[in-house]
Amino acid sequence: MLKLVISEKAIAGKNIASLLAGKDVPQSLLNGAPVFRFSIPDADYIVVPLRGHITDVEFPKKYSYWVGTDLRKLINAEIEYVGTEKSIIAALKQSAVGAQEVIIATDADREGESIGVEALNFIKQSNSGIKVKRAYFSAITKKDISDAFAKLVDVDYNFADSADSRREIDLIWGAVLTRFLSLVSGQLGKDYLSVGRVQTPALAILVNREKERLAFKTRKYWELLAVFEKNGKKFSAEHKKGKFWEKEEPARISAASHDYGIVKSIKSTERVLKKPTPFNTTDFLRQATAIGLSASQAMEIAERLYQQGYTSYPRTDNTVYSSTLDIVGILGEISKVPEFSRDAEALLSRKSLSPSKGKKETKDHPPIHPVSAVPKAKLSDRDWKVYELIVRRFLATLSDDAVTENQAVEISLDEEPFIAHGQKILESGWKEVYPYSEISEVILPSLEEGEKVKLESLDMPEKETQPPTRYSESTLIKLMEDMGIGTKSTRHTIIQKLFARKYLSGSKAIEPSKIAFAVVDSLEKHNVDAVKAEMTSLLEKEMDKISTGSRSKAEVVEESRKLLSTVLERMIQSKDSIGSELRVALRSDLIVGKCDVCDGNLRTLISRNRKRFLGCTNYPKCTNTYPLPQKGKIVPTGGLCAKCGTPMIRVFGQRYRFEMCVDPECETKAEWKAKAAAKAAAAENPAVKSSAAPVAVK
């Protein structure tokens, strides 16, 4: 008997094959596609890995020309599923001949179901009567795979339809809105204006936050900060009032003569810092971005660790470990890794373990957790960083709560109340195993009510209120979840797309570009629903109903077409003003700073040989120019170089980011030129080894 197994990626296919066979299964080729063949007593197997989706959703070719295509007709155009992986499709069709059963073993979520059904459609072209089963698992381990293949279920076509409806709706909305804005603004080619059902509401969140920042009016205030001393130990205290909005009062207090403060009261309280809950996808991505990874990098690594059998499936809403999860077994695995052995063994030595619980419990997948040991040397630095994060979060959820003693000491300085705050760790608990969240100790000297403490200094710093902070990837992902924008599987890719389309810059503090403002402002001004979170959230809920069978894919897609038709008509009525607003913003977005020769502006231009450079807006009266890096996104900082006075820019690439001034002759470029010379010498003489970094400006 021949059984055909479909996996989502090659690495997952190899591991599934090896676990089922009980030995390493080498890769072979079938029509140029990798496959894994093995036999066990019950059957012969062939595992065919995919590369994710093997089809694209597209409009018919007659709609491929942007200019001249009627967008009203595009909304209702037929959608085609076009095969993209010809060698894999050929392997699926050939391997299906003579097979009695196909087992879909793609990722156990909507997208995985859709990918599996895609493969199944090609398989049935060669073998329409083949038996179809589904293997669901949350980790690629011997136990999980054996259990899944022992308890095969039916394919959930509603689940697949739900994912396919999202692909179709996103294609329709994205194509129509993107073409409309790009055409009316004249922004065609590779720099077209990308708009989407999900990405635009996400962009609006960032733009509206930036508007709050720009509208914020700072206000001056003053603080009174005292430093006291007892037995050689100095400690700080702040005036009980906190902020003084008028200068006179703190100035009066500061100017008076003070020698000692008197301790009026001492209040001590114990504070319990609850251990963190198990990782769901959103919490994982938020923590991963906090340790220096982008959300897309973190998800890519988490998927790889899952496919390699080191961690569980990374797309989950669940924050509660099930009673069937083998926590002791997982700790046993973790204890094999030297970096975690002490902490894992300490937990194993306990009589019982009480994991923390989050608010959301689902039945599809467990929270993200480690499943097997892997030596640090076997992983790249980034992969280890994510693996360690997942392991330490798992350990933290099983540890004790942390406890601190917090002191508030009121000290009277000539009847003016000051408060000194102290904090001491009583029980480090989960903080011991989870270094991503530290407790700062502030140890006060031993004090008693009524005693005097010497005043060392009294300062009156002037400060200003600060605008709301910009969102980070972490806070944006959480906001998108709260507002129903996107899914746990798509939010990180949405953010990545906004960066790629040059709508955003920055990492820890995301800043929208001027064109991002223009797109959002135009859509909001003309009351276009595409920018509203409520609209995309409503469509998400309708797509959820497809997965339960209460709505059909055809119904939901048709309703989305009607909604988009209404949106398009509103945009067409305002197309002239929308186009004008966008063109103005596009021009201003190219300006890097003031020209250092005349009163014009330096803006990004493209030369006849397609090279980027800076030129003055007063050309031909002013011929001032500067070269620019030819790769990466360029964002003005708004500042000037301290050495040469030319504008400073930030350059963002896929794997690098740096700041520089635009003058290639500035003394700040000396080190870069030295590296360039070393690199050139190494190229001419291979015997000369050079570690020179790529030169940013040529």
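Glycine too: its Cβ is placed from the backbone N, Cα and C atoms.
What TrEMBL lists as domain 'Toprim' is 2-138. Residue counts for the domain 'Toprim' (2-138) under DSSP (helix as H, G, I; strand as E, B; rest coil) come to 48 helix, 42 strand, 47 coil.
Taken from TrEMBL, the feature site 'Interaction with DNA' applies to His53 (among others). Residue environment of His53 (site 'Interaction with DNA') contains 18 other Cβ atoms, counted within 10 Å of its Cβ in all protein chains.
Per TrEMBL, domain 'Topo IA-type catalytic' is recorded for 156-568.
Other Cβ atoms within 10 Å of the Cβ of Arg166 (site 'Interaction with DNA'), summed over all protein chains shown, number 27. Arg166 (site 'Interaction with DNA') carries a helical DSSP state (H, G or I). According to TrEMBL, the site 'Interaction with DNA' annotation covers Arg166 (among others).
Over all protein chains present, the Cβ of Arg167 (site 'Interaction with DNA') has 17 other Cβ atoms lying within 10 Å. Look at TrEMBL and you will find Arg167 (among others) tagged as site 'Interaction with DNA'.
Counting Cβ atoms from all protein chains shown, Asp170 (site 'Interaction with DNA') has 18 others lying within 10 Å of its own Cβ. Per TrEMBL, site 'Interaction with DNA' is recorded for Asp170 (among others).
Feature annotation from TrEMBL assigns region 'Interaction with DNA' to 194-199. Per DSSP, the region 'Interaction with DNA' (194-199) is made up of 1 helix, 0 strand, 5 coil.
The active site, O-(5'-phospho-DNA)-tyrosine intermediate annotation in TrEMBL covers Tyr313. Note on Tyr313 (active site, O-(5'-phospho-DNA)-tyrosine intermediate): other Cβ atoms within 10 Å of its Cβ, all shown chains, come to 25.
The site 'Interaction with DNA' annotation in TrEMBL covers Arg315 (among others). Within 10 Å of the Cβ of Arg315 (site 'Interaction with DNA') there are 24 other Cβ atoms, across all protein chains.
Summarising the annotation, TrEMBL assigns region 'Disordered' to 351-373. Same-chain residues lying 6+ beyond the ends of the region 'Disordered' (351-373) with a Cβ under 8 Å from its Cβ atoms: 108-109, 138-141, 144, 274-281, 284, 302, 309-322, 325, 327-328, 330, 333-334, 336-337, 387, 390-391, 393-394, 397-398.
Sequence annotations record features per position, and here TrEMBL assigns site 'Interaction with DNA' to Arg501 (among others). DSSP gives Arg501 (site 'Interaction with DNA') a coil state; it is part of no helix or strand.
Confidence for the domain 'Topo IA-type catalytic' (156-568), expressed as mean pLDDT, is 91.
Arg501 (site 'Interaction with DNA'): 22 other CB atoms within 10 A of its CB, across all protein chains. Here the Cα atom of Arg166 (site 'Interaction with DNA') is found 21 Å from that of Arg501 (site 'Interaction with DNA'). Ranked by Cα separation from Arg501 (site 'Interaction with DNA'), the recorded positions His53, Arg167, Asp170, Tyr313, Arg315 are led by Asp170.
In the three-state DSSP scheme, Tyr313 (active site, O-(5'-phospho-DNA)-tyrosine intermediate) falls into the coil class.
Of Arg167, Tyr313, Arg315, all annotated as recorded positions, the residue with the shortest Cα distance to His53 (site 'Interaction with DNA') is Arg167.
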